């Protein structure tokens, strides 16, 4: 059994992005720009936004740090998004959710120019992914795919089982695995015999948000297990997979934390660079 | 075993649309409008377009029949699409494919206003379907779902297997079955043991375009089988399923022809009515 070191792979991706940004700038281009829009003063949101700013800086991406007051109107936030859409120095736009109640954050997200949708979560980005057309892909599922790629996991013809059907992870990773020629089964809370379906998986993606829902004996001998879950329990930060028993059967598995988690920001930086290149 | 009579169900849907259109007009609204855009003089395309015009007329939908010459430029066709986007009497727009080589038909399709995309095939419509957001859904997979609904097929928790991953049928019907709470497996040419995967299916959708690829003994006893295939062989019009042996096992099955086929135009008419209601 091999542990997938998401922290190390994320560092590697970030180093690659840093080198590519430097080469891009050396060619005479402006550095890629990533704008974060934070409305109000939620402490957790401020920490997330700060993390993205810091990560951008580290790889040479120019951060644009937009902050609007807690009582900003929907139209004010909308105007900010549209200004960023029009600003050629900005290649990626993130509207930090949740927004205060007077601002319809999810609706405003759909007004981000698809070419700057570095979160890859607008309907048009979702459609481009489904159709296999060029576009920006959502960061967390891209991160999972990157982990599989770096470990040379054979996806063509593999039975892939995705547990969870969120817009954020389950659905897009199902689309990505299908594009990689896996036979893909998507499961969820209404799946009749989840254990049995999981036992078919050569590649199992757990993205359901229930601590240790997936038991070790649901894992096929030699399977690859990617655990996207991050569930705070009284004792620890638990994944969706019962790790201690799953390691007995998996050939390759992500720990929680230190597996998928670190990949999200790394892929966000990569998306921002790709968006800048596509815009040039 | 019960045969699914797609012809009768399509007639039923068309009669319902006709009654709803009449009620809509009686409420003082303009009749819904469906525009077809035909570039050049391909005989088969002219027949398709004529069929849609005729079907529209029969249910009280106003047809707009736009024809451009074989040598029309990309920009001329584009201008026509944009005029139709701006015309409030037009609720649905169909650009008949294929177009002559100087016109990039697929690219122009994406310029159809998503609210008028009654084929449901633009990236944004695809994304809205994936996310479960309101939008226009593609006609053939919608027709399959309608057949299942009219026969009260239980989809929640069912194992659904979709053979084929086209943008036209395989992928959207996978998304629709998932939204209906089935456990969905999507298969394709790289699937390792297609027979074995098909044998799991409570509901099997065949949309792969290979005559009689799916053998009778791949059908689980009592399964529901929807055959989207329409393959011209020297002897007959064949589905993707070996019908004569599949009927021995299926509880419910579509014939070819007379199964899914007639549903496509019926659902197109329904989409046009829905688009008119959403625009009012």
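Cβ atoms are placed via backbone N, Cα and C, with glycine included.
Taken straight from TrEMBL:
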BINDING   A:164, A:165, A:166  NADP(+) binding site
DOMAIN    A:4-119  domain 'Tetrahydrofolate dehydrogenase/cyclohydrolase catalytic'
DOMAIN    A:138-278  domain 'Tetrahydrofolate dehydrogenase/cyclohydrolase NAD(P)-binding'
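Within the domain 'Tetrahydrofolate dehydrogenase/cyclohydrolase catalytic' (A:4-119), the DSSP-based counts of helix, strand and coil residues read 59 helix, 18 strand, 39 coil. Sequence-distant contacts (6 or more apart, same chain, Cβ under 8 Å) of residue A:166 (NADP(+) binding site) comprise A:207. Shown in sequence order, A:171, A:174, A:186, A:187, A:188 are the residues of the chain, 6+ apart in sequence, with a C-beta less than 8 angstroms from the C-beta of residue A:165 (NADP(+) binding site).
Around residue A:164 (NADP(+) binding site), taking its Cβ as the centre, 24 other Cβ atoms fall within 10 Å, counting all chains.
Sorting each residue of the domain 'Tetrahydrofolate dehydrogenase/cyclohydrolase NAD(P)-binding' (A:138-278) by its DSSP state yields 50 helix, 26 strand, 65 coil. For the recorded NADP(+) site, residues A:164, A:165, A:166 set the reference point as the centre of their Cβ atoms, and the other residues of that chain within 8 Å of it by Cβ are A:162, A:163, A:167, A:168, A:169, A:170, A:171, A:186, A:188, A:207, A:208. Chain B has a C-beta under 8 angstroms from the C-beta of A:165, taken from the binding-site residues A:164, A:165, A:166.
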